[in-house]
Amino acid sequence: MSLFLKPFLFLYDTTLSLLLLLFNGWSLEDTAAAQKRREADKNAAETEWIQLQYLWTKTRSVVLLPVFKGLVVMCLVLSIIVFFESFYMNFVILFVKLFKRKPHKVYKWEAMQEDVEVGPDNYPMVLIQIPMYNEKEEGVDVEIAKWQSQGINIRCERRDNRNGYKAGAMKEALTQSYVKQCDFVAVFDADFQPEPDYLIRAVPFLVHNPDVALVQARWIFVNANKCLMTRMQEMSLNYHFKVEQESGSTRHAFFGFNGTAGVWRISAMEAAGGWKSRTTVEDMDLAVRVGLHGWKFVYLNDLTVRNELPSKFKAYRFQQHRWSCGPANLFRKMTMEIIFNKRVSIWKKFYVIYSFFFVRKVAVHFLTFFFYCIIVPTSVFFPEIHIPSWSTIYVPSLISIFHTLATPRSFYLVIFWVLFENVMAMHRTKGTCIGLLEGGRVNEWVVTEKLGDALKSKLLSRVVQRKSCYQRVNSKEVMVGVYILGCALYGLIYGHTWLHFYLFLQATAFFVSGFGFVGT
């Protein structure tokens, strides 16, 4: 049996050996080919990576570095411009304080005396206008009837449309027949609370100085202590009134009308074309046109009118969009008109175009956001380019000190104010760009919501409350915060400066605003 099976076993072993040999040969060949392919792919990948590195290096050195360096130089120039503008205005204010150059000494002012024979008829007729939009009609009618019952000449004029917004309402109001009896018009927004002697102190400047067209009072705020955001607004607006408005009034007899708490000479308004609704800053539009007719403006720092600040972040954002978009759009529309104007001096035209419009309404917004929130964070990726410390430390510190001098009680909040102003500069820069380019929201008008306007219901459903919490998130602030945080982390790991400390603080400010933890 074994002799019979031996040939078959030999044949089986031989066949199996041949098959194994053949199989092993194929496996060796396949493994060698695969290894060669992998090596080829690796070499190709290394070659592509080297090419990409070379392309990135060339692009960075030829394109990105020069462009970034040019942007840095542009921001440095804007820093110098903004600093000297701020220094100049504060120097004027110092001059006013040292030499006590109050309007009463510059312009003729005499208290209005009541004539015994003619009685109050000796006083000039002043029209007081209170433009309103979202106040309840029933409450307005009740208040009107109450004052009329006391013999006060008061009435409510209503429109059936919102054409021209506030400017349209003011323009139509001046077409009423009783306006012809008036020499001056005082304008107050609905939340403003003038003192009883407001007209007695303001009107004499118009009566005794026929070349004066406007008398503007300073705003003070009843809810400045409501929250940190209102404190920040108080600091910014105090600087605007105590420095920008007063320096313009002192040195050039010109400044922008604030839309309320001012008294106008009606004839000056009519000579300049009256109210126009071509921008969302009809008050500034009117002031520039009247100023170009040679009229003078008087700002009274010691005459104050109480009003309310927006305490909701969303409302403040809308307000700042309008306050930055409108002036930029007006700058675009009126530049040539100012240049070819024949009634005022070249010096005044230069002041209006350069200082009033370009520096304060355009350059300062671009510098604040673009330099301190984009260029400075991005500089961690370009260590070859040195940003001088005077532009990142000394100049902004001095400008911040100039601002806080207008509100000494809030000096300890200066760091919070700087970080918050950088956040708001994003919205102001966006509004400025829309105004200059006349973008889609150039004529957007959203009435600023204030606590006096918002009647809060206690019967809000849980669904509405959840939706409100979701709407608190502001995506733009969050995205910028993420970018600055990334730059801060990169600077912390690879940087050679202490810049990341500022970047962490600024990123935190954007996140706090972005997630709705600002305001009431």
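Residue numbering: from 1, along the chain as shown.
Glycine residues also receive a Cβ, built from the backbone N, Cα and C atoms like all the rest.
Quick look at what TrEMBL lists:
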type: DOMAIN; residues: 185-382; note: domain 'Glycosyltransferase 2-like'
type: TRANSMEM; residues: 71-96; note: transmembrane segment
type: TRANSMEM; residues: 351-377; note: transmembrane segment
type: TRANSMEM; residues: 397-420; note: transmembrane segment
type: TRANSMEM; residues: 478-495; note: transmembrane segment
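Regional average pLDDT for the domain 'Glycosyltransferase 2-like' (185-382) in the model is 96. Counting same-chain residues at least six beyond the ends of the transmembrane segment (478-495), those with a Cβ under 8 angstroms from any Cβ of the stretch are 373, 377-378, 380-381, 383, 426, 503-504, 506-511, 514-515.
Distant neighbours of the transmembrane segment (351-377): 68, 71-72, 75, 78-79, 81-82, 85, 244, 248, 252, 254-256, 288, 291-292, 324, 327-328, 330-331, 335, 338-339, 387, 391-392, 396, 421-422, 425-426, 428-429, 431-432, 436, 480, 483-484, 487-488, 499, 502-503, 506; these residues of the same chain sit at least 6 beyond its ends, with a Cβ under 8 Å from one of its Cβ atoms.
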